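Engineer: Taken from TrEMBL, the feature domain 'STAS' applies to 522-645. Taken from TrEMBL, the feature transmembrane segment covers 144-165, 171-193, 205-232, 252-268, 280-302, 408-430, 436-455, 467-494.
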Amino acid sequence: MNLNSIKVEYNACDDKDDNGASSSSGGVHKVCMPPHRTTFQKLQQRLSEIFFPDNPLHRFKNQTGLRKFVLGLQFFFPIFEWGPKYNLSLLRSDIISGITIASLSIPQGISYAKLANLPPIIGLYSSFVPPLIYSLLGSSRHLAVGPVSIASLVMGTMLSQVVQYSKEPTLYLQLAFTSTLFAGLLQAAMGFFRLGFIIDFLSKATLLGFMAGAAVIVSLQQLKGLLGIVHFTNKMQIIPVLTSVFTHKDEWSWQTVLMGVCFLIFLLTTRQISARNPKLFWISAAAPLVSVILSTVIAYSIKSHTHAIQTIGHLPKGINPPSVNMLHFGGPHLALALKVGIITGILALTEGIAVGRTFAAMQNYQVDGNKEMIALGLMNMVGSCSSCFVTTGSFSRSAVSYNAGGKTVVSNIVMAATVLITLLFLMPLFHFTPNLILAAIIITAVIGLIDYQAAFRLWKVDKLDCVACLSSFFGVLFISVPIGLAIAVGISVFKILLHVTRPNTNVLGYIPSTRSFQSISRYSTAVRIPSFLIIAVEAPFYFANSTYLQERTFRWIREEEERVKANNEPAIKCVIIDMTAVTAIDTSGIDTICELRRLLEKRSLKLVLANPVGNVMEKLFNSNSLEAFGLDGLYLTVSEAVDDISSSWKPEKPEKPEP
C-alpha cells in the first residue's frame with residue numbers, strides 16, 4: 001500500500017463546523033455531526049423505534065374521516081378487512097378445513113384437559129368459545145385455536161403441586177379459570193403496550209429443550225393410562241414417575257396394555273405416513289377421532305366381560321356454563337394463580353405467535369404480533385368467564401388446517417360449530433371412551449416436540465445455545481417444569497450479558513488491491529500497517545464493558561509491541577479504533593475513551609477514532625471530548641486515517657555509519 005497515496009477532497013460538511021472533526025484541508029472526508037434535534041424529538045424517535053417499529057398508523061395518513069373510521073375497524077377487527085372479499089369458493093375450502101381440524105381438536109381437547117388435570121368436558125368448552133373470539137380479532141388466516149400440550153402440562157403441573165383436583169375439585173377449577181384470566185390479561189396488556197419483545201427472551205434454543213423435556217415427562221405420565229395404573233404419583237420429575245410406574249406393577253392391566261400399545265402404534269404409524277407424504281395429511285388428522293370411535297366401541301363391547309379398562313365416564317351435555325363466579329381473587333392461593341397465569345400466558349403467546357408467523361411466511365402475508373397478542377389475550381379473558389382454560393394457536397391443528405386447504409379464520413368458526421354439535425348431541429357417546437386412548441393421543445402429539453436434529457445443529461452452530469437447550473431439558477426432567485424453564489431463560493440472559501460485557505475486538509490489517517481493512521486472524525492476506533495498531537470494537541461502548549475494552553486495548557498494544565520487537569519492525573506510533581460497529585456509547589464509555597487517550601499520550605502513542613456513528617459522534621461532541629483529540633484525531637475511515645497520519649510523519653534519517 002502507498003501510504004502517501006492521493007486523497008480525494010470531499011467537502012460533505014460545512015466548513016464552519018469546528019467541533020473537533022477532522023478538517024477537509026488535508027484532503028480527507030469530514031466527519032459530520034448528525035442533524036440537530038431537540039431532546040423531545042430524540043425521545044420521540046427512540047420510543048417510536050422501541051414500541052412502533054412497524055409504524056402501524058401509516059395507513060391513516062392523508063385519509064378522510066370516514067376512511068379513517070373504516071381503517072380503524074379493519075385494524076381492530078380484521079374480519080371487516082377480509083369479510084367483504086369472502087366468496088363461496090373460500091367458504092368451501094374453509095368448511096372442509098374446519099371439519100378436518102374438528103376431528104382432531106375434539107379428541108385432543110379432551111386429552112389436553114386430562115393433561116391439565118381438569119374434567120375432559122373443559123377441553124371441549126375450550127375448543128368452542130376461544131376459536132369464535134379469535135375469528136373476530138385474529139390476523140392469522142391459518143391459526144387453529146384451542147388447548148395445547150405445553151400450556152396444559154404447565155398448568156396441570158404447577159396447580160397439582162399445591163391443590164389436588166381429586167381432593168378439592170372446586171378450588172382447583174377456580175384456580176384454573178383465574179390463571180386463565182391472568183394469562184389473558186398479561187397477553188392483552190403486552191399487545192396493547194406493544195411489549196412483544198419480552199417474549200424474545202424465550203429463545204428457540206430454550207424452547208427446544210423445554211418442549212423436549214416436557215414431552216418426555218408428559219409421555220411418561222401417560223403410562224398411568226396405558227398401563228391401567230390407578231394410584232400414580234402427582235410429581236412431574238422423571239425419577240418419581242418411573243418409580244411410581246414400577247412400584248405399582250400389581251395394578252398393570254394386560255387388557256389395557258394390549259389395547260393401548262396397539263392404538264399407539266396405529267397413531268404413530270399414521271403420523272409417519274402423513275409426514276412422509278404431506279398430501280396424505282388427512283390420515284394423521286383423522287386417526288385420533290377414528291381411534292376414539294374404535295376404542296369406545298371395543299370398550300363398550302367387552303364391558304360385560306371385564307372392568308379392567310378405565311373409561312372417561314359421564315360427560316354433561318350443553319354449551320359452556322358461565323364461570324365468572326368461580327374467579328378467585330383472594331385467599332392464600334392468589335399468588336399461585338398469578339404465577340401460573342404468567343408462565344402459561346407467555347408460553348401460549350410464544351407458541352401462538354410463532355405458529356401464526358410460520359404459516360404467514362409460507363403464504364406471503366404478514367401477521368401483526370401485537371394485534372395477535374391482544375386477540376389471544378381477549379380470547380383467554382372471555383374463555384376464563386366461560387369455563388375454558390388457557391388456549392392458543394396449535395401447531396398440529398394449524399398444520400392440518402393449512403394442508404386441508406383452509407383459507408381464512410372461518411375454518412375456526414366451522415370447527416367451533418362442529419364442537420357445538422358435539423356438546424349438544426354427542427356427549428353420551430364418549431361415556432365408554434377408554435382413558436388409554438387419551439394417553440395414546442397425548443403421547444403421539446407431544447412426541448413430535450422432541451427435535452434431536454435441531455439440538456445437534458445447535459451444538460454445531462452455537463455451543464452456548466446448546467447448553468441453554470440441555471439445561472432446560474434436564475431442568476424439566478429432574479427438577480420441575482417452571483424451574484427448568486427459569487434456568488434456561490437465565491442462561492439465555494447470561495449469554496446476552498456475556499456478549500455485552502465481553503464484546504469481540506479484532507486487530508485489522510490492509511487487504512492489498514482494496515481499500516478494505518479486515519481482521520488479520522480471519523483473512524490470511526491482510527497485511528499489518530507499519531507503526532499502526534488498528535483495533536475494531538464490535539459492540540456498543542457501555543459502562544458494563546468499558547473497563548474490559550480498556551484492558552483489552554492495552555493487551556493488544558502490549559502484544560503488538562512484543563511482536564514488532566521480536567521481528568525488528570518499526571515501533572507503534574498510532575492506535576486507531578475502528579468504531580463502525582460501536583452503535584451507541586454512554587458517559588462511562590466516553591470517560592474510558594478519554595482516559596485511554598491520556599494514558600496513550602504518556603506512552604507517546606497517538607489515539608485516533610475512525611467512523612463513529614451519528615449518536616456516538618453527537619455524545620462525544622456534547623461532552624467536549626472531541627476537543628482533546630484535535631483536528632487529526634477523528635476520521636471517516638480507517639484508510640483515510642492511515643493515509644493522512646502517515647503522510648504527516650517525517651521520514652527518519654538513516655544513521656551514519658561509524659568511522
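Any Cβ shown, glycine's included, is placed from N, Cα and C.
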Engineer: Do any residues, 6 or more residues outside the transmembrane segment (252-268), come within under 8 Å Cβ-to-Cβ of it, and if so which ones?
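Structural biologist: Long-range Cβ neighbours of the transmembrane segment (252-268): 225-229, 287-288, 291, 294-295, 298, 302, 306, 308-310, 434, 436-437, 439-441, 443-444, 447.
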Engineer: As a test: from 144-165, 205-232, 436-455, pick the stretch that has the greatest number of Cβ pairs under 8 Å with the transmembrane segment (467-494).
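Structural biologist: Comparing 144-165, 205-232, 436-455 against the transmembrane segment (467-494), the winner is 205-232.
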Engineer: Which residue counts does DSSP yield for the domain 'STAS' (522-645) in the helix, strand and coil classes, in that order?
Structural biologist: 58 helix, 21 strand, 45 coil
Engineer: Which whole-number mean pLDDT does the model give the domain 'STAS' (522-645)?
Structural biologist: 90
